[in-house]
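Worksheet: one structure, shown below.
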Amino acid sequence: MSIPVRTSVNITVRSAAKINLHLGVGAPRDDGFHPLTTVYQAVGLCDDLTATLPGEQDAPWDLRLRVADYIDPGAVPVDDDNIVARAATLLAAHHGVPVRGHIDVDKAIPVAGGLAGGSADAAAALVALDRLWDARTSDDDLLTLAAELGSDVPFALIGGTALGTGRGELVTPLPDGGTWWWVLVPSRDGLATPDVYRHFDKLFPDAPAVPPPADELLDAVASGDPVRLARLLRNDLQEPALDLRPDLGVLLERGESEGALRGIISGSGPTCAFLCESSDHARDLAGALMRHGRTVVLVANGAVAGAHLVENLHG
Ligand SMILES: C[C@@](CO)(OP(=O)(O)O)[C@H](O)COP(=O)(O)OP(=O)(O)OC[C@H]1O[C@@H](n2ccc(N)nc2=O)[C@H](O)[C@@H]1O
Ligand SMILES: Nc1ncnc2c1ncn2[C@@H]1O[C@H](COP(=O)(O)OP(=O)(O)O)[C@@H](O)[C@H]1O
């Protein structure tokens, strides 16, 4: 009897979408970024990234993408512009090693949807390649590299429910007493984050230097009461997003009239997120929205973990 030999090592990392329960935005800083007080929540709508070491005959690096049927594959670059390639280059430079790896990304998080799908992939790439290269990056260094990749990327590493300050990159985990049920309705056409921030500046030229705080909402999150949380959800990018995409206002009203505790735009949009009381309530609402002609309606609960290794069945 021969014992099977593992010829390659596969590392699979799962990374979640986020919703901003509170997105308080201040006037732009000198570097152009907006100061934020935000409360992130990671929800169970995830991308999986698998990294494999190339064989000796193989190209040192390649990136493949598989997408859910509601995602346009053409919306995601597969060259050096992909944030996964940027993460690999940054981590390799940090350790002075060459970039090596075959990467497969299985995307379920809608693209340019305000759900931080690219940030989730970047965090997954940092965790997977650190393990694949046996680089042993410290947590502090991983967070620093994550912040270089994007304001939302440190939260994608940490997950759960957390406070984000600075430009969103300074993340502190929060006590969360609930299981929160969300119905997510993505749009076929994305909204570009910089466009929505630019529109915020146009609509609110007198925005405060210090972004609005989230104190009451933090109490609601700790209490676990969805009715209380629903009242306190706040997104300062909602008005600019709705101004750019008035159709989203109709969708928010529809979800609320069908019984959602509250509908909000997720981050810079255009995904609409509806808070529900329970999993049954979320399923009922999803059914109602589909009967009204929405073809893509997703149910997800939070809070879930940040980027983490999962068992690889193909390894
Ligand atoms: C709006 C939010 C809310 O969580 O999420 P999304 O809706 O994109 O998912 C984030 O602030 C998006 O974070 P992220 O997508 O990582 O942004 P980055 O790559 O750092 O920046 C992209 C661009 O967004 C603008 N930006 C981003 C963050 C910030 N605090 N102020 C900004 O003005 C800048 O124009 C910047 O050039
Ligand atoms: N791995 C990736 N996944 C998604 N988008 C990516 C990725 N790499 C680069 N991008 C680019 O980043 C943009 C923002 O994507 P995403 O993170 O999904 O949206 P958002 O900032 O709204 O949360 C996309 O329009 C796409 O061009």
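Glycine too: its Cβ is placed from the backbone N, Cα and C atoms.
Note: TrEMBL annotation is automatic and uncurated.
Record features (TrEMBL):
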- LYS18: active site (ACT_SITE)
- ASP152: active site (ACT_SITE)
- PRO110, VAL111, ALA112, GLY113, GLY114, LEU115, ALA116, GLY117, GLY118, SER119, ALA120: ATP binding site (BINDING)
- 82-160: domain 'GHMP kinase N-terminal' (DOMAIN)
- 218-291: domain 'GHMP kinase C-terminal' (DOMAIN)
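For ligand 2, the recorded positions lying close by, meaning a CB under 6 A from one of its atoms, are GLY114; the full candidate list was LYS18, PRO110, GLY114, ASP152.
Compute the center of the Cβ atoms of PRO110, VAL111, ALA112, GLY113, GLY114, LEU115, ALA116, GLY117, GLY118, SER119, ALA120, which mark the site for ATP; besides them, the chain residues with Cβ within 8 Å of that center are ALA17, ILE109.
The CA atom of ALA112 (ATP binding site) is located 13 Å away from the CA atom of ASP152 (active site). In sequence order, TYR70, ILE71, GLY117, PRO186, SER187, GLY190, THR271 make up the list of same-chain residues 6 or more apart from PRO110 (ATP binding site) whose Cβ falls under 8 Å from its Cβ. Neighbour counts were taken at the CB atom with a 10 A radius for the binding-site residues ALA112, ALA116, ALA120; the maximum falls on ALA120. Cβ neighbours within 10 Å of GLY118 (ATP binding site), excluding its own Cβ and spanning all shown chains: 26.
Of all Cβ atoms in the shown protein chains, 29 besides its own fall within 10 Å of the Cβ of GLY114 (ATP binding site).
DSSP classifies GLY114 (ATP binding site) as coil under the three-state reduction.
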